[in-house]
Amino acid sequence: MDDEMESGNLGPYQDRPRTFPNMRSKPYTPLIFRILMRINARVLFILVLLGLGAVFYIGASTSPIIVFVFTVCIISFLISIYLTKWVLAKDEGPPEMVQISDAIRDGAEGFFRTQYGTISKMAVLLALVILCIYLFRSTTPQQEASGLGRTTSAYITVAAFLLGAMCSGIAGYVGMWVSVRANVRVSSAARRSAREALQVIAVRAGGFSAMVVVGMAVLGVAILYSTFYVWLGVGTPGSMKVTDLPLLLVGYGFGASFVALFAQLGGGIYTKAADVGADLVGKVEQGIPEDDPRNPAVIADLVGDNVGDCAARGADLFENPSGFILFPLVVHSFDLLISSAGIFSIRGTRDSGVIGAMEDPMTILQKGYSVTIFLAVVTFGLSTRWMLYTEQAPSAWLNFALCGLVGIMTAYVFVWITKYYTDYKHEPVRTLALASSTGHGTNIIAGVSLGLESTALPVLVISASIISAFWLGQTSGLVDDAGNPTGGLFGTAVATMGMLSTAAYVLTMDMFGPIADNAGGIVEMSQQPESVRAITDVLDAVGNTTKATTKGFAIGSAALASFLLFSAYMDEVATFAHVPFNQVDIAIPEVFVGGLLGSMLIFLFSAWACAAVGRTAQEVVNEVRRQFIERPGIMDYKEKPDYGRCVAIVASASLREMIKPGALAIVSPIVVGLVFRILGFYTGHPLLGAKVVAAMLMFATVSGILMALFLNTAGGAWDNAKKYIETGALGGKGSDCHKAAITGDTFELGNGFGNFVVGILSLFAVSCVGDPFKDTAGPSLHVLIKMLATITLDKDKDKDKETNSEYQKKRKLPTAQELIAYYESQGLESKEASVKVIEDLQKALFFRITSSSSSRGVSNSSDPNKKMVMAETSRKQLDVINARLINLEMKLDSKPGYPQTLVIGVASGATLRGLGTLFPHVAAAFSHIWNAVRSITTSTSSPPPH
């Protein structure tokens with residue numbers, strides 16, 4: 001062991017103070033945690049027990065499934081506590097490491113406090129807007145009868161929104177909290193053993209965050225669902241249907257989406273602006289290594305890894321399981337258990353600090369992922385047999401188990417594809433590195449080409465998965481009253497959940513990257529031996545690959561759910577407009593324009609996100625240059641840089657810059673819907689606004705998937721091409737090839753005059769490539785698409801309020817079932833009563849068409865529609881009645897309409913960090929579909945009438 005390290009020598013800054021200038025020395029703790037810390041331990045323990053008792057009581061009053069979910073979540077929290085103690089018990093290393101780690105921690109926690117304070121204020125304002133919207137929206141008589149009027153619905157939605165926002169913020173804090181404490185322990189472990197460093201990162205630190213984030217998301221939805229179930233008396237006469245209950249949770253997912261959007265934007269802008277600014281001046285202009293302590297922006301860079309990749313990602317991931325109810329909750333409960341097994345299975349076989357004898361960390365992580373995948377296949381099959389078995393279709397559960405297998409394999413293939421395009425052990429990244437040998441331009445051309453090419457295989461895999469899962473569902477044996485297959489969308493939904501059945505382990509790998517990056521920075525700044533830096537460099541490169549693979553996983557699950565999301569939107573429009581809404585014709589000019597606006601939104605959002613990084617990086621560059629000019633002693637360690645100043649600049653600028661793209665995501669679908677709704681009102685097309693927004697959602701989804709694939713893969717490949725050269729290939733660090741690779745990673749533009757880059761600021765408009773691609777614009781697109789879907793599914797309830805008054809009146813009429821009972825009470829036989837009801841329905845349809853013609857000013861005597869209907873009615877009335885009597889046992893309103901309800905529920909729990917925002921909707925249909933299937937009478941299982 002190095003004598004200098006053992007003696008506690010602080011390196012070139014021997015007299016450096018304990019904390020950096022302008023940095024807070026007192027760790028930041030959120031208010032809720034400070035309140036809990038002030039409570040007496042015994043009192044807190046009693047409160048926890050009472051809370052658990054209340055939770056289990058409510059769960060037991062709802063369903064045994066909820067009790068199972070609660071139990072697994074508590075187990076996951078206990079595992080998290082164990083992992084926390086294991087991590088914190090590790091040595092932090094020599095004083096110089098601790099000092100640097102404290103500075104990173106102070107900067108991250110300070111930014112977190114400021115950022116989430118801003119987000120909290122915006123969330124409160126948006127909550128007031130939501131309250132007003134719900135107070136003035138229309139309600140159905142059934143909702144009023146069940147006690148769910150405007151006021152109750154408004155307060156429930158707002159409370160759920162604020163709770164989702166708060167929980168998402170806590171999830172982000174948890175991710176950041178573990179990162180800023182694990183980084184220094186990884187650095188210290190790298191001085192002893194590569195295996196120990198890997199375990200600290202992947203098994204203990206990332207696993208802790210994953211267990212807490214996923215467990216808290218699942219537990220939050222389960223508690224809300226069961227609380228509303230008991231409070232509203234679901235299942236009792238006159239109460240709301242259980243399939244409508246999850247509609248109350250829409251605010252919960254919207255709150256999570258809202259916080260995730262701004263956390264990802266603000267954190268992404270912060271981390272990449274600091275990274276680009278530090279590299280531009282430090283590496284290119286001054287010629288100093290990455291993470292060199294002489295660089296004034298180095299602390300801001302390391303802080304950004306935590307606030308951009310850990311806090312933001314934790315908040316982003318939180319919203320994904322937050323729409324899953326019952327069957328999906330069971331899947332995610334098993335996810336917590338199997339991911340824990342995969343995490344604890346990660347162990348290196350070679351315990352050596354020598355880089356040549358070190359086992360590839362990526363191979364070790366893949367072994368853990370393989371264990372998780374195997375267990376996911378087993379538990380998913382058990383879940384489908386447990387919850388999706390029905391005697392009416394005995395083999396349906398097996399088909400759905402195969403759908404889940406399709407999703408699981410899609411996830412595995414996506415991870416492999418992303419790894420192939422971003423790991424420097426494979427040809428694409430090495431080819432990109434080789435292109436750097438001929439200059440900056442060829443590096444950029446090769447990187448863009450690689451990113452565009454990388455969209456092909458994922459799209460083919462997604463397409464095959466959607467079609468396979470859909471047809472497996474169609475052939476499951478589930479049919480409606482007419483004998484038509486109804487399981488297609490459900491099969492696609494199950495495949496989506498199969499892809500997400502290893503979400504906790506995926507988040508563990510995602511947390512690997514920023515912690516490894518921080519560890520390398522701490523090693524570099526504390527002047528550790530090259531052998532230690534070699535270990536952290538390898539871990540850092542693997543971390544870049546894991547971050548890229550997890551983003552690919554997110555995009556894949558998002559794309560798999562996009563079909564469901566679009567169907568969910570159309571179904572919900574039909575539900576609230578009370579008219580069929582089964583297709584959208586893009587040949588209509590206004591609808592086509594909506595599609596163009598959706599695609600434009602993706603590109604404009606990406607442009608604004610990259611431009612935000614560029615503008616913020618300019619401020620960092622100016623500050624770093626100023627310090628090098630005014631403090632020339634920095635280069636020879638005679639003066640200390642002002643790290644705090646750079647941290648403050650980046651924090652302020654990133655918070656300012658995140659507002660513009662965030663507002664774009666929130667306002668765009670609302671404005672488009674309102675504008676075309678007004679246009680449709682004047683042109684006689686009341687659903688025009690809904691159709692245009694549907695096209696906007698569809699085109700934005702497709703464009704967003706492809707753009708996110710391009711940005712994430714190209715950015716990851718550029719970064720790893722640079723790291724491949726830094727291993728010594730193609731001239732190594734400092735070579736012209738290396739500078740060209742840095743151009744790809746941060747898009748630096750040099751002119752060759754010494755180390756100074758002339759005109760860099762004027763060219764910054766095109767300098768946001770690489771890092772901003774993969775860590776700002778790309779991840780933010782995931783949240784953008786989810787936010788669009790959340791807003792459209794939430795706001796379409798009010799789109800056609802004025803045009804629905806007639807339909808609302810119709811809903812007050814008795815149902816067909818009630819009419820049959822009425823005629824039977826008047827002395828008619830069952831058959832005669834059914835015939836009478838059918839005749840009444842035909843007359844009502846005839847009256848509707850003729851009255852509609854009259855309302856448009858068409859003469860009844862000359863209306864061709866009326867004549868056609870009269871002739872058709874006269875000729876076929878008897879045939880229709882006889883055909884309907886074949887299914888005399890039918891009860892037209894006896895089933896909940898689960899195929900339509902199911903689509904909305906599927907969309908609510910659709911993806912991980914991807915397209916299908918997990919805005920909690922009516923996912924309860926996942927379990928209650930089977931009760932509906934069992935209620936189908938024997939007559940409906942007979943061949944349909946011809």
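The chain as shown is numbered from 1 upward.
Keep in mind that glycine also has a Cβ here, set from the backbone N, Cα and C atoms.
A TrEMBL annotation is a machine prediction, not a hand-curated record.
TrEMBL annotations:
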| type | residues | note |
| --- | --- | --- |
| REGION | 1-21 | region 'Disordered' |
| TRANSMEM | 39-59 | transmembrane segment |
| TRANSMEM | 65-83 | transmembrane segment |
| TRANSMEM | 119-136 | transmembrane segment |
| TRANSMEM | 156-180 | transmembrane segment |
| TRANSMEM | 201-225 | transmembrane segment |
| TRANSMEM | 368-389 | transmembrane segment |
| TRANSMEM | 455-474 | transmembrane segment |
| TRANSMEM | 486-507 | transmembrane segment |
| TRANSMEM | 553-571 | transmembrane segment |
| TRANSMEM | 591-613 | transmembrane segment |
| TRANSMEM | 662-682 | transmembrane segment |
| TRANSMEM | 688-711 | transmembrane segment |
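The stretches the transmembrane segment (65-83) and the transmembrane segment (201-225) meet in space: the count of Cβ pairs below 8 angstroms, excluding pairs fewer than 6 apart in sequence, reaches at least three. Contact count against the transmembrane segment (119-136) (Cβ pairs under 8 Å) is highest for 156-180, out of 156-180, 201-225, 486-507, 591-613, 662-682. Between the transmembrane segment (591-613) and the transmembrane segment (688-711), three or more CB pairs separated by 6 or more residues in sequence fall under 8 Å, so the two stretches touch.
Counting Cβ pairs under 8 Å to the transmembrane segment (486-507), the top-ranked stretch among 201-225, 662-682, 688-711 is 201-225.
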